Amino acid sequence: MDTEALKKSLLKKFQEVTADRLQKIQLGVLDLEKETADQAAEDVARELHTMKGEARMLGLAAIGQLAHAAEDVLRAEREGKTATEVATDVLLRACDVLSDLNEDLSGANTGNPASEEMVRMLAEVSGQTPPAIAGARPVAPPPAPPPAPVAAPVVTPAAVAAPPAPVQAPVAPPPTQAPVAEPGAHAAAAAPHPAAAHGRDEEAPSAAKSAVADRSIRVNVEVLDALGLLAGDLLVESARGRLRSSETEALFERFSRLGDRFLRLAEEIDISNEVREQLDRVESDLHMLRDDAFRFVRRNDDGINTLHGNLAKMADHVAEARLVPLSTVFDAFPRAVREMSRTQGKEVDLVIENADIGVDRSMLGDVRDALVHLLRNSVDHGVESPDTRQQLGKPLNGRIRIRVRVDGDMLHIEVEDDGRGIDPERLRQAAISKRLINAVQAAALSEREAIELIFRPGFSTRDQVSELSGRGVGMDVVKRKVETLGGSVGVSSRIGRGSTITLRLPQSLALMKVLLVRLGDDVYGMPAADVEAVMRVKPDDRLEIFGTLAVRHRGKPTALVALGPLLGLNGGNRFDKPPAVVVRHGEDHAALVVDGFVDEREVAVKPCGGEFLKAAPFIAGTAALEDGRIAVLLHVPDIMAEVRRMARPVTQAPAAKRLRVLLVDDSPIARATEGALVKALGHSVEEAQDGEEAYVKVQNNTYDLILTDVQMPKLDGFSLARRLKSTPAVARIPVIILSSLASPEDKRRGLDAGADAYLVKGELGVEVLAQAIDRLT
């Protein structure tokens with residue numbers, strides 16, 4: 001990733017996280033005067049410390065300094081050196097200043113008068129001397145100490161927005177001490193809601209529902225389908241109009257040049273004055289005609305461009321209207337899983353994440369059917385019985401997790417269980433017994449290829465038909481449904497730990513961003529989400545591994561395949577034509593050689609039916625282009641399966657040392673920053689938000705290295721290191737502590753706890769991290 005782009009991304013993420021963090025801090029500060037003060041102080045201290053570390057990591061010195069000063073006030077309050085009421089007031093005001101700095105990061109490095117004054121105020125309250133901020137403006141000390149502040153409550157926007165703590169009865173403020181708004185406070189935020197002011201709180205929900213109902217109508221899905229197709233066709237037609245407009249302009253240019261040539265020729269020949277005068281009038285008319293023509297073309301261009309833009313917006317709105325939240329079908333799953341597990345004498349918990357993400361409504365039925373089958377498989381085949389789980393040391397209740405995320409135009413739905421996993425050897429034997437493959441073929445299968453046997457029609461490892469599954473409708477049906485929608489299915493599993501099935505689907509069937517390439521005179525498209533890079537294959541980058549052609553891509557050998565012959569096309573591309581598209585599917589990559597690139601654009605997709613897919617397995621659909629041609633859209637998963645079959649030796653080439661690293665930090669900013677460094681070294685990263693979660697992950701997975709922060713909820717980094725080193729099964733995994741705590745005492749505590757290395761976050765870089773990792777692994 002580009003360094004500047006990464007920094008912008010991290011700063012944006014910092015702003016989002018810090019806004020939520022400040023809300024938590026303010027709620028915690030308000031609890032300092034309550035019975036839960038000890039827990040509140042601990043929570044506030046952790047949030048302030050994490051914010052300070054994140055800010056310093058991103059070079060936001062003013063925010064880091066202000067958070068540090070706030071920590072001092074909190075510590076003084078806990079030690080009884082500062083009155084709780086005074087500490088509460090000043091910490092809330094500090095939150096306001098931090099919020100202002102966070103909204104506009106331009107002053108978050110060197111600070112501004114408000115932040116500098118706030119640091120001094122915090123230092124006075126805590127009895128500390130504030131250190132200077134690097135790059136800050138020197139400020140003269142005040143000539144005399146300020147007068148004691150008037151004890152008046154301070155109302156801030158965040159405080160107004162925060163949910164009130166429960167009370168026994170409403171308490172009115174004293175009439176002589178009206179709340180005073182800070183200069184930066186928004187009056188609208190402080191104003192009471194009209195309904196609440198008149199005692200009509202209960203009427204608000206019904207009024208809101210009525211307002212929503214007034215803005216909503218039911219639309220038949222067939223109407224939306226027709227609108228989607230029409231919008232796509234109109235978009236293509238408007239693009240053709242733009243093309244014709246460009247061609248018209250080029251035609252007028254040719255006409256203008258021809259007129260100029262004619263007039264120059266007339267000037268060179270000897271003609272009478274009368275003819276000369278007529279030619280002059282013709283010249284004048286030609287210039288007027290040319291000017292009128294160009295004005296017409298420009299007006300036409302403007303109109304067509306406006307039309308095209310509006311049609312593009314309309315197509316986007318239609319595509320958005322087709323999206324419905326997955327919760328529409330997910331809401332029925334908890335009860336379904338409960339009933340399935342009861343029939344099996346099992347207890348299974350279902351966890352669903354991000355069910356509010358939308359999917360094309362025409363896909364809902366197929367998505368529901370596929371997921372129901374996956375849930376049935378997880379309950380029946382995956383999760384063990386309570387007795388077996390108890391013997392294995394697992395929780396008696398099994399767990400199935402449905403996780404949804406969006407990656408570009410594609411939707412990823414993962415169904416994960418913590419059951420017995422999939423045994424590749426058992427699948428090989430089942431395939432042999434069912435005569436799907438012979439023993440030689442089974443032995444040649446890699447572990448992943450053996451697991452993918454579950455997608456063979458009629459394949460099952462069950463000898464008996466159960467009430468729940470095993471009735472001849474298998475994973476091949478799931479795969480076929482998903483691929484008919486232009487998607488793909490992936491599976492990963494670890495014996496004894498569970499399995500994960502991932503459905504990868506287009507979020508919308510109306511429009512898709514594709515990369516268009518040329519093979520001969522024809523145009524083909526690949527989903528942009530499947531394209532990792534485009535490149536020109538240099539002779540020096542080509543290599544041969546075990547008789548298979550490959551190319552170096554990002555330092556690793558990648559199968560090099562001519563796309564034309566793979567699709568069964570005669571002639572066309574050869575390896576002396578350098579353009580190539582690097583596509584990916586799961587962990588597989590391939591460089592597909594083409595004849596040329598066209599461009600990347602959004603197209604209206606017309607999917608092919610299942611019968612067509614059987615006859616042409618590499619084809620996912622078609623799209624009309626503005627020049628009248630039809631682009632054939634390729635199904636990358638099928639192509640990658642064929643490439644894997646053709647280029648199997650490439651996957652057997654010796655790979656560079658690649659570690660599986662567990663990164664433990666409660667700060668998402670720190671995880672993103674440190675994770676980028678680890679990935680830059682070529683290693684894979686998994687994350688945990690605290691020591692407790694990390695220890696569970698280590699028990700259930702295999703890692704080559706653990707990087708951990710120190711100050712975290714539930715289980716801190718020192719305690720995590722001690723627990724890991726006292727557990728024989730994982731004691732040999734190297735542990736590196738990454739912390740903003742830089743004192744010799746902190747480093748000694750980390751190493752005494754069992755850490756193999758202690759690195760300070762402020763000094764962290766690729767070289768420092770690489771040296772530590774190389775030394776320990």
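A Cβ is built for glycine as well, from the same backbone N, Cα and C atoms used for every other residue.
Range 129-149 is the one annotated as region 'Disordered', of 129-149, 276-296, 339-359, 738-758 (source: Swiss-Prot). Checking the ranges 17-65, 164-212, 409-457, 507-555 against Swiss-Prot, the region 'Disordered' annotation falls on 164-212.
For the domain 'HPt' (1-108), the DSSP counts in helix, strand and coil order read 93 helix, 0 strand, 15 coil. Distance noted between the C-alpha atoms of D709 (4-aspartylphosphate) and H49 (phosphohistidine) is 12 Å. In the three-state DSSP classification, D709 (4-aspartylphosphate) falls within coil. Residue with the densest Cβ environment among the modified residues H49, D709: D709, by other Cβ atoms within 10 Å.
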